[in-house]
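If you look up TrEMBL, you'll see 8-147 marked as domain 'Semialdehyde dehydrogenase NAD-binding'. According to TrEMBL, the active site annotation covers Cys156.
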Amino acid sequence: MSQQESINCAVFGASGYSGVELAWLLHNHPFFTLSYAFTSGAREAEPITALYPQLNGRCELTLQPWHSDLLPQLAQQVRVVFLALPHAVSAELAPQLTAAGLIVFDLSGAFRLADARQHAMAYGFPQPQLNAPAHYGIAEFSDLQGNEPLVAVAGCYPTAAALALRPLKALLKPSSVAIVNAVSGVTGAGRKAQLASNFNEVSLQAYGVANHRHQPEMAQSIGCDILFVPHLGNFKRGILATVYAELAPGTTQAAIEDSFQACYHNQPLVRLVGTPPKLQQVVGTPYCDIYYKTHGSTLILSVAIDNLLKGAASQAVQLANQYFRLPATAGLINQGAVV
């Protein structure tokens, strides 16, 4: 497409944390025009600044309630829809949108897992049916052709784990289990009020031990068995993950470095760093920072991303850039963050 041509788009779930970050990125994007920002049909229309006053003077979007009778109008006025909705809501809405000819980038988990049984166990409802399979999207590993009706944007934890480990898959000991310990900021729990994410209650705690819904997604994306333990941290945003894996006998430092360079030499949003990354290096940015070290035959990886950006909104935009043959970083650098 011509880079001067504007692409009209809409965001569903724009009142939530990932949704508002999406709306902000698209509002400032040089090649996308944000035509609609939708919220639940139970809400009244209101300016986005009513929920996020930090956008006063910077963004005058109106959040509009979604009703299904708006679909014909939406299909005429936009090409692309971004869904930042609960899993079950996306599962119901996305097929309607693709049937209307819209291109969908879905940030929920409704379409990520290829195995129907794993999906039902992870999400508690049957795998949604589409006319064409969803494309699973981690931007650095995707090769979008621009004809896919639905892109299932990878989850935040699986993005961090896969970016760290997938380039080295061929160097791992066969049949070994990789261990992923990750800590996420409390925004990963969403904007809805709940006791577990209340400021006065949040400490540092493991949850979903060995049964988190992102574990099968990690295994699917990386291609090896995974033991995953997520933790809720007492900070706002960001994911810091430590990954452990056994290397195949004879694996050298040079082989590890060569594998990373071969994978990421042309990927501007992944940075290989010489010291373990801090969250402050990536929070509010679309970057992923990766550090590695070996201890005998054990590979140790430390990876940091912003859970709301590289783990959600900016990755969705990066995939949309790829879909329309735009630069990977278009609309993503120095935009800051809302939440």
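A Cβ is built for glycine as well, from the same backbone N, Cα and C atoms used for every other residue.
TrEMBL labels come from automatic prediction, so no person has curated them.
Quantities reported herein were computed from a predicted structural model and do not represent experimental measurements.
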Tally the residues of the domain 'Semialdehyde dehydrogenase NAD-binding' (8-147) by DSSP class, grouping H, G and I as helix, E and B as strand, and everything else as coil.
52 helix, 30 strand, 58 coil
Through the lens of DSSP with three states only, how would you label the residue listed as 'active site'?
helix
Please average pLDDT over the domain 'Semialdehyde dehydrogenase NAD-binding' (8-147) for the predicted structure.
95
Nonlocal residues around Cys156 (active site), in sequence order (Cβ under 8 Å, 6 or more apart):
Ser184, Gly188, His214, Ile239, Ile305, Asn307, Gly311, Ala312
